[in-house]
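*Asks:* First the structure, then my questions, so here it is.
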Amino acid sequence: MGEFNEKKTTCGTVCLKYLLFTYNCCFWLAGLAVMAVGIWTLALKSDYISLLASGTYLATAYILVVAGTVVMVTGVLGCCATFKERRNLLRLYFILLLIIFLLEIIAGILAYAYYQQLNTELKENLKDTMTKRYHQPGHEAVTSAVDQLQQEFHCCGSNNSQDWRDSEWIRSQEAGGRVVPDSCCKTVVALCGQRDHASNIYKVEGGCITKLETFIQEHLRVIGAVGIGIACVQVFGMIFTCCLYRSLKLEHY
């Protein structure tokens, strides 16, 4: 009877080892995906960060990059801990899983919270950012972001083209008689912003604020879904780790 129980325990341990190894392979790939989403956000989708008053959007992306990197390292550690049957490594692996779990939950919560407050933030700050910083010394990133925003989304001004009447640059001699930036024009040529007729510039209902809000919200949904989704998967990893740790402890005795 004792021999049967011992074989049963050993068989259970082997099954757990292979189950945890398979999980770690998938977990490593998930870490790569998380890091890729973070880098994708920072490298390709961060053009408009200079237009945002809050750093939350940027913070969520950095958290995903860090979490993804740690996930990949942890996945390798998990494989080593599993096949070497080292309980101290399993403890470390579990702690790292818990840390990553918390990081991804935080990223998901930040993305969701910022999603809720984005409309208010843009309404309060976007017009001031565009009119007070556009073409001003030291704000080249804002100038570039505004021009790209207006060209990419075919819009002009925060709410409408009339917003540019309050622009410090438009009211200066440097504007060369423009009433809107050239990036508002349907066909961009030098000094095309001198005429703000509908046939010449983009007049979109809701202005650039609506377009930017939709753009940011779409990416916040991706960040939030990835963060929360991977965090949920990690719960199974922690359960498998606890089961294997307990199984090894029983065999030890």
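Backbone N, Cα and C define each Cβ position, glycine as well.
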*Asks:* Same topological domain, and so the same side of the membrane, for Val14 and Lys84 in Swiss-Prot?
*Replies:* yes
*Asks:* So one of Cys25, Cys243 should carry the feature S-palmitoyl cysteine according to Swiss-Prot; which one?
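*Replies:* The residue tagged S-palmitoyl cysteine by Swiss-Prot is Cys243.
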*Asks:* Among Cys11, Cys156, Cys192, Cys208, find the residue to which Swiss-Prot assigns the annotation S-palmitoyl cysteine.
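*Replies:* Cys11, according to Swiss-Prot.
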*Asks:* Swiss-Prot annotation S-palmitoyl cysteine: which of Cys15, Cys26, Cys232 has it?
*Replies:* Cys15
*Asks:* Report, as numbers and ranges, which residues of the same chain sit near the transmembrane segment (19-39): CB under 8 Å and 6 or more residues beyond its ends.
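*Replies:* Same-chain contacts beyond the flanks: 61-72, 74-76, 78-79, 82-83, 104, 222-223, 226-227, 230, 233-234, 236-237, 240-241, 244.
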*Asks:* Which residues of the chain, 6 or more past the ends of the transmembrane segment (58-78), have a CB below 8 A from one of its CBs?
*Replies:* 20, 23-25, 27-28, 30-39, 41-42, 46, 49, 89, 92-93, 96-97, 99-100, 103-104, 106-107, 110-111, 114, 220, 223, 226-227, 230, 237, 241
*Asks:* Reported in the order helix, strand, coil, what are the DSSP residue counts of the topological domain 'Extracellular' (40-57)?
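*Replies:* Helix (H, G, I), strand (E, B), coil: 10 helix, 0 strand, 8 coil.
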*Asks:* Over the topological domain 'Extracellular' (40-57), work out the mean pLDDT and round it to an integer.
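*Replies:* Across the residues of the topological domain 'Extracellular' (40-57) the model's pLDDT averages 78 on the 0 to 100 scale.
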*Asks:* Far apart in sequence but close in space: which same-chain residues, 6 or more away, have a Cβ under 8 Å from Cys242 (S-palmitoyl cysteine)?
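*Replies:* Sequence-distant Cβ neighbours: Phe94.
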